[in-house]
Every structure is written in C-alpha cells, then in structure tokens.
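Enquirer: Okay, here's the structure, questions in a sec.
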C-alpha cells in the first residue's frame, strides 16, 4: 500500500496573520469559557451540582479541541499532525477504550448525582418516608450503578469474567457460611427499614428490652433503657421477637388496680374513681378515663383504672400513674370508701400437750399444758390428804 502524498496547507497565512488569528481564537475561547462559568453559577441551584460540573468539563474539553484544531490550521502544521496520528495508530484502539471508560465514569458520576436529587425530591413529597429510608434507598441504587459500571468496563477491556465469577462464587459461599449471622442482620435491617415497625424516638418493647429507640442501622438497633443504659440489639434478633410500639398512635393507655371493701357501694366507687381521674392534668379527656370491676379478690373487689396519656415517655408515664394513685386515694378517703388490705386471723384447736394459744377472753399468752396438769394433780392429792 503506497503512502499518500503530503497534502498542501488548506489556507496560506503569513506568520503575522497566524499570530493575530491565534490570539483572536484564544481570546474568543477564554471569553466563551468565562461566560459559560457565569451561566453555570447562575443555574447551579436549579440543577444537580454534579451535572453542572460535568457540563463545564465537557464545554472545556470542546473548547480545547476546537482551539487546538484552529491553531493547527492557522500555523499550517496539518501534515505534521497527520504523521503523528499515523505513528500512534496502534495505540488508537487503546485510546478509544480509555476515552470510553472515562466517558462511562463521567456518566456514572452524573447519574448518581441525578438519582440522589430525584430521591430527595421524592422524599420531600412523601411524609411517610423518613430521611433514613431515603438514604438507604439511594445507597442501594448507587451500589447498583457502580456494579453496572464495573461490569461494563471489564467487558470493554475484554477481561474474561468466568474465572472471576467462579472464584467469587466460592468466596461467597465461604463468606456466607462464616458470616451468616451478620448477613441475616443485614437482610433484617433492610426489612426493618421498609416495614417501619418503629422509628427513632419511639418507645418500644422488644423481647425483654424496653426503652427509647436512639438509632437504626443496617446491622443493629440501639435503644436507651429507662435506667439510662444503651442496649444494642442485632436486627435479626429484633425481627424474630415480638415488638410492642407504645408510641405508635401518639398516646398510651395505662392501667392501675385498686380494691374496695365488700361492703362498699361499688357503683359509687366507680363514679368517684372515674371523676377523679378526669381532674388529673396528665390524663387525656379523650378517650375518657374508665373505671371497671375486674375481680373478686381475697379481701376486696378489684377495680381497674384505665386512662390515657399523650406523647408517651417513661417520665410522663410514672408521673401520670403517681398522680392518679394519689388522687384516687385522697378521693376514696374523703368519700369514706375503704381500701382494705389482707388480714390474717389465727385460731387454735385443743392440744393434748405442748404449746397452744390462749383465747382472747383469757388473755394473750402461752402456757405449758404439762405444767398445769401437774399442778392440778398436786392439788387433788393435797385435797385427798386433808380429808
């Protein structure tokens, strides 16, 4: 194959003309770049910051390429540039791959920024999605985009993935067996993120642990007990236990048990208890407090006092419960409603010997039966001799 003859210059310029035109082209390029930068700063708040940065980079690249090509024409060095490209022809394919890889990286960079912005806008329109759930969703999408980028680049460079996939499969099996509990906690963490049985700040009871939720991560859930201790629970344990959310509806029902004497008018006692609970500041008026009969106790008739508090917390719970008990106790005392307490009456049966308890009419005391019996025998014997 014969080499092509060197082509003549497209346009014939004198050195002075080339210098003036080059200065003009450079000045125009600089002016365009300054204008684009100002426009980008003006619209940066309306678009993704990553997208604006990438567009600036593309504009700068186009300006550099265009300016360089124009300068080549002005200085009549087209032949030298063509010779240089022919010398670099074996590396052109590698260069194309590098450029495509960089283009994919830029695309991934922009795509993650756009996705992040879309997720944030979606969360602002939905009140039922928390910021934490939005962050988890974005991280999952980000990992998906990154994995797609890695696979695309490996395919572009014709890297054989069969051995890599086989090795990754064996490594996955080994890691899965060694870290099955951690993986279980991770999966349970995603389930908790989207099922939302509780949120940060809720008062929950998980198994034998009760307290306020302070943090929820992919691996574990942290709660602060009412003793001030921080408890870290793995998410797989949280998912397998019964969860009681006491803050779900923004209010909590409390229950207090009290007993009244069997001779008491129970209807009157119920009315007094219900009216008293209504006057307690921490007790909600709606739903109304309730007083119901619950049981026949050993020494009293049981009355259950049910009332609700809002914005439940441990402090509000104990404060309301203390206030209700104190108020009901004072009201029962004013209305002469007796609150009995267990009493035990002791009695005895005649004993042939040993110790026994005297009856109340004879006085409280303990005497020895054998000694009394001996005194009686002595008296009988004495009486017999006197006769």
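In case you wondered, yes, glycine gets a Cβ from its N, Cα and C as well.
Predicted automatically and left uncurated, TrEMBL annotations should be read as such.
This is the feature table in TrEMBL:
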type     : residues : note
TRANSMEM : 20-40    : transmembrane segment
TRANSMEM : 52-75    : transmembrane segment
TRANSMEM : 95-115   : transmembrane segment
TRANSMEM : 136-157  : transmembrane segment
TRANSMEM : 163-192  : transmembrane segment
DOMAIN   : 185-248  : domain 'Mechanosensitive ion channel MscS'
DOMAIN   : 256-339  : domain 'Mechanosensitive ion channel MscS C-terminal'
REGION   : 342-387  : region 'Disordered'
COMPBIAS : 377-387  : compositional bias 'Basic and acidic residues'
Enquirer: If you average the pLDDT over the domain 'Mechanosensitive ion channel MscS C-terminal' (256-339), what number do you get?
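Expert: Averaged over the domain 'Mechanosensitive ion channel MscS C-terminal' (256-339), the predicted model reaches a pLDDT of 92.
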Enquirer: Which stretch, 52-75, 95-115, 136-157, 163-192, tops the Cβ pairs under 8 Å count with the transmembrane segment (20-40)?
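Expert: The stretch with the most close Cβ contacts to the transmembrane segment (20-40) is 52-75.
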Enquirer: For the transmembrane segment (136-157), which stretch among 52-75, 95-115, 163-192 has the most Cβ pairs under 8 A?
Expert: 95-115
Enquirer: Give the nonlocal contacts of the transmembrane segment (95-115) in its own chain as ranges (CB under 8 Å, at least six residues past its ends).
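Expert: Residues 48-51, 54, 57, 88, 138, 141-142, 145-146, 149, 152-153, 156-157 contact the transmembrane segment (95-115) from elsewhere in the chain.
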Enquirer: Looking only at the domain 'Mechanosensitive ion channel MscS C-terminal' (256-339), what are its DSSP counts of helix, strand and coil residues?
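Expert: Here the numbers are 34 helix, 22 strand, 28 coil.
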Enquirer: So how many of the residues in the domain 'Mechanosensitive ion channel MscS' (185-248) end up helix, strand or coil by DSSP?
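Expert: Its residues fall into 17 helix, 26 strand, 21 coil.
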